[in-house]
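Asker: I am attaching a structure below and will ask some questions about it afterwards.
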Amino acid sequence: MASLIRSWIPLLILQSFLVAIAFGSKEAEEFSEALLLKPLPDRKVLAHFHFENRAPPSNSHGRHHHLFPKAISQLVQKFRVKEMELSFTQGRWNHEHWGGFDPLSSMNAKPVGVELWAVFDVPQSQVDTSWKNLTHALSGLFCASINFLESSTSYAAPTWGFGTNSDKLRYGSLPREAVCTENLTPWLKLLPCRDKDGISALMNRPSVYRGFYHSQRLHLSTVESGQEGLGSGIVLEQTLTVVLQPETTSVETNMQPSWSLSSLFGRKVVGSCVLAKSSNVYLQLEGRLGHESKNVDTEIEAHKLWKNADFDLSLKPDRVLRESSSLLFIFDIDKSSDSEPFDLGLTWKLPSKWSCQQAPLQATRFLMGSGNERGAIAILLKATESQEKLPGRVVTDGRCTIKANIFQIFPWYVKVYYHTLQIFVDQQQKTDCEVLKKINVSPSTDKVSSGMLEMMLELPCEVKSAAISIEYDKGFLHIDEYPPDANQGFDIPSALISFPSHHASLDFQEELSKSPLLSSFKEKSLVRSYTEVLLVPLTTPDFSMPYNVITITCTIFALYFGSLLNVLRRRIGEEERFLKSQGKKTFGLKQLLSRLTAKIRGRPIEPPSSDSPAAQSSFLSSKLIFKIILVAGAAAAWQYFSTDN
Amino acid sequence: MAEEQNKKPCRFWIWASASVVFRLILISFPGNLNLSSRPEVSTPLTSIRRLAEGYWLKQASMSPYAGSMYHGSPLLLSVLGPLTVQRIKGQPSHLLCSLVFVIADILSAMLLRGIGQKLQMAYGLNARLLGFLKSSRDKVILPCGDIAALVYLWNPFTIVSCVGLSTSPIETLAVILALFGAVTRRVPLAAFGFVMATHLSLYPATLAIPMIILLGYGLDAPPIKLFLQTRSVENEKSSTSTVTKQAKSKQTTHLPFLWKTVMHFLFWVLLWSLYVLVLCALSLNKYGGVEEMFKRTYGFILSIEDLSPNIGVFWYFFAEVFDFFRNFFLIVFHVNVLFMLLPLAIRLKHRPCFLAFVYLAISSILKSYPSVGDSALYLSLCALFVNELVDMKFSFFLFCGYLGISLLSPVMHNLWIWRGTGNANFYFGNAIGYACFQIVFVVESVSAMLNHDRALRRSSSNHGEVNS
């Protein structure tokens, strides 16, 4: 009995310990998953996966995490990251059809490739070091070449143009990075259920990567506890935004395609992730539809909302929320099970058409000029249709204006002439002071740092189009600095256009059930849009030539040196004779030498005479002896000094 | 004869003013015929666009050297900078800058003419002393000043670099000013020109040797031995020699070196360079001071950071060479400029002006960022020695070579950069050809000068023999 108890005691202790840990962290760490589905006006469907993981402030360092990924918390602790966002994107967000003035697009429309920005909580002098270490850590964590952002030529320190005013902010982007499933797998590993269970089980790789747009984002921010002794909490937000084209069988072109989760992803949701606090699926219907059904208010009529003349939903929504222009159906997937999987479907009955709200100005960027010597970059801002309806116009001195921030990084091999900056508003050139409110330039240094341009434009509200052009020279690189596919060209990262006076938010009038996705929509987010990545072809040298170039150039130098020296020391016959006749008179050194040799030999001095061969030979031998002595002396001196050391 | 002499200057002025008019016509073309972006005309050091960028950065209260755009002098920035932003309505931009460059060209030509006239006088004097011109009046001394000035004004290279908005006319002006000051023995002027030239483009620092010789020993003359020889012949004859001449000949067994003038010169150099440095320090007060300036100007010249193509050979070499050897080759190439200074100075010490020409030619070959403006300078200096270099070999071949290169260079550049049908080797081959022609030119001109001295010696000894 005693032995039984003795054997039970450690087990009991362990159990109680485990329970304590589990309880402690369950209260603290929270995970929630959500999926937002949204039909887009151009017959596509947007799926936005949203996972949020919260680790509350705690005072224990090196703590154990129940849900929160340890890799991320270590990252935050080690590099003192205050806020960070990393995104992997493929495809370009279509601002015209997919919207540009809602929280979804302003947060998830990202530039092609990898974009990383981070704010650090370290002294100013250590920010760059922290950034470099962070890029390496992330590079290992996400199997991507984020470590290329380490070099000072690829990142910048925006002051105000990025939207976050901090001098400890670093921003870098890699437009060339190919994003694929090897980046998604480590990203999924950070989720407690991975892609085994819950909403993330929908992420069937072929269907996710078949989409028109794919952006995988990781945003983390630390929350100060405000209490002494407590560390800071971390909020990790992981989103995956995909735009998919549902397969349609209908022949009618103006009919929106009907779809279901299984047709989009090839999978169904079977139950939620058990570790998630909440797991919801949202369906957002936008535009005209929302307006039509706005007057439907009561609960009973809400029932009609999901089965009406326009469309049919395959499942009954648990709740319906409405915003000024859109409807939100909320589904809880806890009820689904293996026998009854959750497979939401939308069937359109009538052709319908609506449009998305767009940002006040739509930005495109392009290159001008031809040839590999110089060119110009132009950013064109075009007023969109919805511009007049938008809130956030600033009226100063009786003038209605739109503010637009432009933030642009130039790699050093694009040598920008900032004095050539020209601004055209409605095809008329404007002087800087008219529209340019603020400008901040940090010019690039060759092979050391990249250039950065931040501009704040204040355009009149009735503007139709505004264009900015800036000239540049193309740099010439060292042969080692070219990538293997040098003739493909070099990428200029996307410019960021943000509208500081416009904020996008979706405010669903009802009290929200603490859904992280909806509360993140409720927050006012800066309206921003990224432009295209530009491909600049640079001149290449001949990569097979280094040896030839070295030898030919050295030959030129030899030619110069040799021929010039030859001309200088050339004597022509008569000149030599002249010298000889001069030499007879003044024999200076030679005479001295022969005298010296004579003394050594103990013979009387022989007067040197050119016509006696004997004297010649003796003189020669004396010369020889002198040379030998000289060499021996040099050798002795060398020996002496070298042994001295 | 007198009529002809009157006509000559008249004709000179006509041609000189014609060249000015020609320049004015060219600069009034809009866009300056796109010459300002030609790599042959504007280098990273002399490009006016980069200067405008530096000025813009300075106006935006940043260091003009921030970024890797501007690498010139801060003084040039404060003189030319305001002109780059001022626009006259209806006129091509940068018109004011172009006018400054035209004025610099005219001044250079006038100074060259002054140098040439001095040299011509010295040549005539020496020839008379040696007794060549006593009997034969038919052997005319060419007016080398007028010729050099016209060569300078009408040289396509000069015109192109003046119209193409590079700052090389100003650098040229500083160099010519230094030589003019030394030739006319205006020591402060010479020192000022020398300091400015060195400040603007570093390489004219080598001119210190010829200028010191010029101030110490006087103008170009045949070797001193010749005078001794002739004197001795004359003394032997002792028929017409006067007492003073004998005294003179005794003195000239050892040519006096005017230490006082040279010291004076060095003092002024010190003064002017202090002055320039103080001015630079004042204008770069907030942006890193003089140290930053040296790093961004001289450092940029010496470390050859910019690998954009030009008519020199360094850009491609350093774009291709392995990084490991970069420093080694940098040292080798720069030392090559210095290597020949001493041998040339020893051999040509009796002809300091010619020595200056050779130095300038060498530095224009081995410069890190050469342009045609440098060639324009040494070609017109070469014209100062038409009397001595009449027997130069390969002159037609060289002329054809320069012509061919200057026609081929834009073609090759176009093929490589704009059309993409050629590759870098096309343009580099051209640059190599240009370097070869320049080397042959320098070597042949030195050789011709030495041969000229030999011929003088031969004829003087013959002369002496005949006399005796």
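Positions of Cβ are set from backbone N, Cα and C atoms, glycine also.
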Asker: If you look at how TrEMBL annotates this chain, which of B:121-143, B:397-419 comes out as transmembrane segment?
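Answerer: It is B:397-419 that TrEMBL annotates as transmembrane segment.
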Asker: Examine the transmembrane segment (B:353-369) against the transmembrane segment (B:265-285) and state whether at least 3 Cβ pairs sit under 8 A, considering only residue pairs 6 or more apart.
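Answerer: As far as Cβ distances go (cut-off 8 Å, pairs 6 or more apart), the transmembrane segment (B:353-369) and the transmembrane segment (B:265-285) do not touch.
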Asker: Is the count of Cβ pairs under 8 Å between the transmembrane segment (B:95-115) and the transmembrane segment (B:12-29), pairs 6 or more apart in sequence, 3 or more?
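Answerer: Contact between the transmembrane segment (B:95-115) and the transmembrane segment (B:12-29): present.
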Asker: Report yes or no: does the transmembrane segment (B:12-29) come within contact of the transmembrane segment (B:157-180), defined as 3 or more CB pairs under 8 Å with a sequence separation of 6 or more?
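Answerer: Checked: the transmembrane segment (B:12-29) vs the transmembrane segment (B:157-180), in contact.
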Asker: Against the transmembrane segment (B:297-318), which of these stretches has the most C-beta pairs under 8 Å: B:65-83, B:157-180, B:192-219, B:265-285, B:431-450?
Answerer: B:431-450
Asker: If I count Cβ-Cβ pairs under 8 A between the transmembrane segment (B:192-219) and each of B:65-83, B:157-180, B:265-285, which range comes out on top?
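Answerer: The listed stretch sharing the most Cβ pairs with the transmembrane segment (B:192-219) is B:157-180.
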